[in-house]
Amino acid sequence: MSENHDAVVYNTNAENGGGCPVAHRRAPHPTQGGGNRGWWPNRLNLKILAKNPAVANPLGGEFTYAEAFRTLDLAAVKQDIAAVLTTSQAWWPADYGHYGPFIIRMAWHSAGTYRISDGRGGAGAGQLRFAPLNSWPDNANLDKARRLLWPVKKKYGQKISWADLMILAGNVALESMGFETFGFAGGRVDVWEPDEDVYWGPETTWLDDERYTGDRELENPLAAVQMGLIYVNPEGPNGNPDPIAAARDIRETFRRMAMNDEETVALIAGGHTFGKTHGAANPDEHVGPEPEGAPIEEQGFGWTSTFGTGRGGDTITSGLEGAWTNTPVSWDNSFFEILFSYEWELTKSPAGANQWKPKDGAGAGTVPDAHDAAKSHAPTMLTTDLALRFDPIYEPISRRFLENPSAFADAFARAWFKLTHRDLGPVARYLGPEVPTETLLWQDPLPAVAHELIDAADVATLKGQILASGLSVSQLVSTAWASASTFRGGDKRGGANGARIRLEPQRGWEVNEPDQLAAVLRTLTRIQEVFNAAQTGGKQVSLADLIVLAGGVAVEQAAANAGFDVEVPFAPGRTDASQEQTDVESFAVLEPTADGFRNYLGKGHRLPAEYLLLDRANQLTLSAPELTVLVGGLRVLGANYQQSPLGVFTATPGSLTNDFFVNLLELGTTWKTTSEDANTFEGRDAATGKVRWTGSRADLVFGSNSELRALAEVYASDDAREKFVHDFVAAWVKVMNLDRFDLV
């Protein structure tokens, strides 16, 4: 198969190369990021399955952030943050004497990378501290915002993570300027390295937009319109100052970040109620490199400006210049009042950026200067602000907020909370005294456990009933896997808890084989109903627990078929969500369009199947050995989509053997592609030409990729049969419990 997916761009040093970038290029030293990827840019990057290793964590394995956070005096932290906000520093003076708007921007940009398609991005790990986010053009000068908070972080140390502190500081900033927030939850755990598993786009130049095709169709899973922007271009699409065209970009981008039209209007208007933009001069002429490209003496700072003092009134950030309102450090309804009070005309900032001012000199002198009390200005609007007035969908929402300030305040409070907490996961992960009591649909709510849990004797009884039900190992394993493997490590959504596999939209997903799924669920539901009806003391079993238990029963049976007596650990405590607690549109983005664990490959993928398998393993937070053992086990258990024979390298399906690895690595097999797209292959006996096996790319990669082959060789060894069973059980239980935050 020709590797028609996008190649990884590899930067080489062509200095002293006689002007020829090919014959004389010089590969980087390993400390500069050199290595095998330079020679083979399309090789699988298994390092994304070894994120944040324990040896990189300076806090050690005994440290538990949740326990440390619970000892924190949150009110005292907020007081200290509030003091920072109103103590202007000479090295980076506060606009209007208040850092609140600056800190809000930092919190917003920390959270604003989240996208619904894959659940990656967001504030949950404090990635704004690291490349590439710390050096995106849209994050210019936010390095200073984080430094302003260092005294607070230093004081409280490991009791509050940077990830939590940045979001908490955003809340305090809002509150200090008169706004009542919806609440705050801690629980974001810092990591110690950049995310290397997030696809930010195909571009290799800042602010390029190769992510579009056709009629401005944005590539999935991306949300931002250009490389290095959080959302949209404030000047309009590619700098075109067209509010209607900008509205289209806004709507698509915010939708991909889980926001509806009302939330979008509230967020833009609420954020632009505060502060100003900064464009004192042309950044191309005066601004130095971003933090990751700055010299060592800058000590992590970037964007050093040579214009004037480089700060205060001489600050250059976006290139846009001006404030939206005449009360830029107070919460009020002035954004909408000003937006609708004036007619607007296009103008240029001192840096040459497109922005808007009131026509005919209206509004002059109504907006205070950020640093000089003797100066005043007219208000400024951006092209994206005018979209809220002129787009036919946004306009009535904006007018309603203009006429109902309390509705606007409530909408902004809720949207801000959603923005800053969307990737934190379910409420079970929320920490602190300011967690809201109201349940919100986007939190994927679950009912509380309101019954006595089953005990070991009950588990034994239910296991017997499951074994006697007539359901096969394949059916039980497939159903449990389908239920649990929706989990996404990025935003902690999905998983088996809630038994949402029986609800829309999951019960209708193609990969879940709806007809077979319905039959299995009917049988398990009957077992559940009979068991629950027989209880007299309030004991119950949820269908969510029963699905997982049934999968474990099947694994135990398959192990027994292979000659091994194992017990699959099981922890009851899951509950069953209702359809009313399940937002169909929100859950639709969790649908797998490829699942190499089930040898399922939908249509329209840019990447080959083995890359999609790796991505799914990453979402499931699996290591490379766990990925390997799960694929090998699921193949021999018959968990393939539509019972496909692909990768079922065994004569005894339903037995938990290491046959997948033994037969894949058999030296007498020759593999040839059987499809034009090179997704399926036949393995023939090299001597007779007889077809032995058929396999997919998600199978053959374990013999092709050198790292995966090394792992496959472990499990194919004669002394690994028992190890394989135990390792499979451990990895299986991990997946079944990924969303059991109560067990952590």
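Even glycines carry a Cβ here, placed using N, Cα and C.
Sequence annotations record features per position, and here Swiss-Prot assigns active site, proton acceptor to His109. Residues or ranges marked as heme b binding site in Swiss-Prot: His272. The region 'Disordered' feature in Swiss-Prot is assigned to 353-372. Feature annotation from Swiss-Prot assigns site 'Transition state stabilizer' to Arg105.
Feature map: annotations from Swiss-Prot on the structure.
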residue: Arg105; record: site 'Transition state stabilizer'; contacts (Cβ under 8 Å, 6+ apart): Leu142, Ala145, Gly271, Gly275
residue: His109; record: active site, proton acceptor; contacts (Cβ under 8 Å, 6+ apart): Leu128, Leu133, Asp138, Asn139, Leu142, Ile230
residue: His272; record: heme b binding site; contacts (Cβ under 8 Å, 6+ apart): Trp324, Thr325, Phe335, Leu382, Asp385
Sequence-remote partners of the region 'Disordered' (353-372) [C-beta within less than 8 Å, at least six residues beyond its ends]: 93, 95-96, 235-236, 239, 241, 276-277, 279, 312-313, 318-323, 325-326, 328, 338, 342-347, 378-383, 385-386
Helix, strand and coil totals (DSSP H, G, I; E, B; other) for the region 'Disordered' (353-372): 3 helix, 7 strand, 10 coil
